Amino acid sequence: KKMGNSSFLRPSTFLLTGMPGVEGGNTWVAIPFCSMYVISILGNSTILLVIKADRSLRKPMYLFLCMLATADLGVSLSTLPTVLSVLLLDSRQIGFDACLAQMFFIHCFSIMDSGVLWAMALDRFVAIYNPLQYASVLTNHRIGLMGLGLVVRSVIFLVPLPILLRRLPFCRSRVLAHAFCLHPNLIQLPCADVRVNSMYGLFVLLATFGLDSLFIVLSYVMIIKTVLSIASKEERLKALNTCVSHICAVLVYYIPMIGLSMVYRFGKHVSPLIHVLMANIYLLVPPVLNPLIYSMKTKQIRRGICKLL
């Protein structure tokens, strides 16, 4: 293809990177990664099986937990093939279209994760503010519509990303900074103006993660206001205790995401190892910890796991 006096080819492949500085010890690095994937897949699959098997758990809180487990499984399964191929097989090549597809699914499930966390905050507010009408407000039909809306939102926002990337010339390095494809990394490689891509990426970030985090904060402001109006100290503590698991899940998700965003936007001179570690923490740690958090803090889930075993 021609562009002015210079020629360029759309890359047929990209080269993935493992952990910078420890290339010779990839097998040892693969051990904790494999362990995390096993825990994530088994943990989230167990949550889904427990809720499916126990009819008494067909309540709004647990249906939202199903959505969270599904999104976490999606994130883990989206990164697993390339991460393990790099660390175990030293196979670093990924096709251009396969890279765009992986990028799409990683970001799609991440946005779904964020949306579900906001929906779970809303669930906690309704349960505390109006417990008598909790089941009638959050019916299965409404929860299903919310889940469908979160999926549609993710897809609509992310479809333009691969389309915008496909129009760009890649005549610089084709080496990616991670063992998977992320949009902030991909837009650093073209030898053309990427302001449209960067601005749209920022818009998606603000319109999804930004709004979700704002709604979560507002939900907890209303939850605290409602709890403070409860006369009994024991009832106040009981109401707040129902939010502990969700607060932990929010912190586990948003703290690494904010850290990764800061590193990409302002940490250009930071060691590449920091970029890689932050990306891996953001994508791998929440799917590992969420089922553990809910298993430890929720009696009904623990009982369901015991019955399943």
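A Cβ is built for glycine as well, from the same backbone N, Cα and C atoms used for every other residue.
All TrEMBL annotations are machine predictions without curation.
Some features that TrEMBL has for this protein:
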TRANSMEM  28-50  transmembrane segment
DOMAIN    43-294  domain 'G-protein coupled receptors family 1 profile'
TRANSMEM  62-88  transmembrane segment
TRANSMEM  100-122  transmembrane segment
TRANSMEM  143-165  transmembrane segment
TRANSMEM  199-223  transmembrane segment
TRANSMEM  244-267  transmembrane segment
TRANSMEM  273-293  transmembrane segment
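Against the transmembrane segment (100-122), the recorded stretches 28-50, 62-88, 199-223, 244-267, 273-293 differ in Cβ pairs under 8 Å, and the greatest number is found for 62-88. Cβ atoms under 8 Å from those of the transmembrane segment (244-267) belong to residues 68, 110, 113-114, 117, 120-121, 124, 184, 205, 209, 213, 216, 220, 274-275, 278-279, 281-282, 285-286, 289-290, 293-294, 297-298 of the same chain, restricted to positions at least 6 beyond its ends. Residues 17, 19-21, 33, 36-37, 39-40, 43-44, 46-47, 68-69, 72-73, 75-76, 79, 106, 110, 113, 177-178, 180, 182, 245, 248-249, 252-253, 256-257, 259-260, 263-264, 267 of the same chain, all 6+ positions outside the transmembrane segment (273-293), place their C-beta atoms under 8 angstroms from a C-beta of that stretch. As a whole-number mean, the pLDDT of the domain 'G-protein coupled receptors family 1 profile' (43-294) in this prediction is 90.
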